[in-house]
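Below is one structure, written out as structure tokens; the observations come after it.
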Amino acid sequence: MNLLYSLLPLLFLCICRAVDPLGQFCNEDTNIGSNSKISANIDNLLAEVVTKAASTAYIATSYGNDPDEVYGLAQCRGDVSSKDCSSCIQDAAKQIRERCPNQADARIWYDFCFLRYNKVNFIGEVDTSLGILYRNVDNVTDPENFNPQLGALMDKIRSEAVMPENEGLGKGKTKLSPFVTLYALVQCTRDLSQIDCAQCLAIAVGNFPNFCINSKGCRVLYSSCYVRYELYPFFFPLDPNDTSSATTEVMVLYP
Ligand SMILES: *[C@@H]1O[C@H](CO)[C@@H](O)[C@H](O)[C@H]1NC(C)=O
Ligand SMILES: *[C@@H]1O[C@H](CO)[C@@H](O)[C@H](O)[C@H]1NC(C)=O
């Protein structure tokens, strides 16, 4: 496993909203080469994704005909406003083509949205083959108390996420002390079945005992699901009574 570390102050992410993505993947095994049909299909697909995802916060679609058909999926985090969603997906569509100009399989992750396309139909399939993981470098001071509370909150919101009416989203908070609240959010892409969603979230949360161990905050972003917890409010509506904010985080990307 090839780990790539870099320091990334969260403040930067929050202020610069016309933002850098959290990560991207350009599959070098899927070079388009001189096939301009695929390129054109990707551009048309992205135009459709940007237009339609604005109203539904989610789209899974395809464009073109065999053998140059391309499949695409875009989804926003379920708690963000349609305005933020729309601008996130616009950024994603623009950036993914700049960053992966020559690949038929490309993915881009932001905090508010995720976008991918591929020549191979991936829709409806769980994919945890590559993940972007962030952890806060600060550790909790009372892991014996913290970890069970984190586990309980995660269990609760994971079970919410797989209920059809929640469209893959689960979020919640637990007061750990009068001054400290734990916030967590999980989300699956909406093309997944309940069982596949549960599986993706289980794999994501499976990183907690190793990568995230005792950290004050952690994020796992896969192509099929997103999991995050923090000791400060990060999902909408923001908790007006809690002004805690993030400290420095370390980003780890793998494989
Ligand atoms: C947090 O814990 C990890 C692993 O237990 C350790 O490597 C790291 O240095 C700790 N961080 C701080 C800021 O003490
Ligand atoms: C904020 O605090 C006030 C007063 O204690 C309380 O009534 C309100 O429900 C709290 N809001 C949230 C979102 O927790």
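Backbone N, Cα and C atoms are what each Cβ position is placed from, and that goes for glycine too.
Just so you know, TrEMBL annotations are computer predictions that nobody has curated.
Quick look at what TrEMBL lists:
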- 1-18: signal peptide (SIGNAL)
- 20-122: domain 'Gnk2-homologous' (DOMAIN)
- 128-234: domain 'Gnk2-homologous' (DOMAIN)
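According to DSSP, the domain 'Gnk2-homologous' (20-122) comprises 42 helix, 29 strand, 32 coil. With DSSP classes pooled into helix, strand and coil, the tally for the domain 'Gnk2-homologous' (128-234) is 34 helix, 36 strand, 37 coil. Averaged across the domain 'Gnk2-homologous' (20-122), pLDDT in this predicted model comes to 96.
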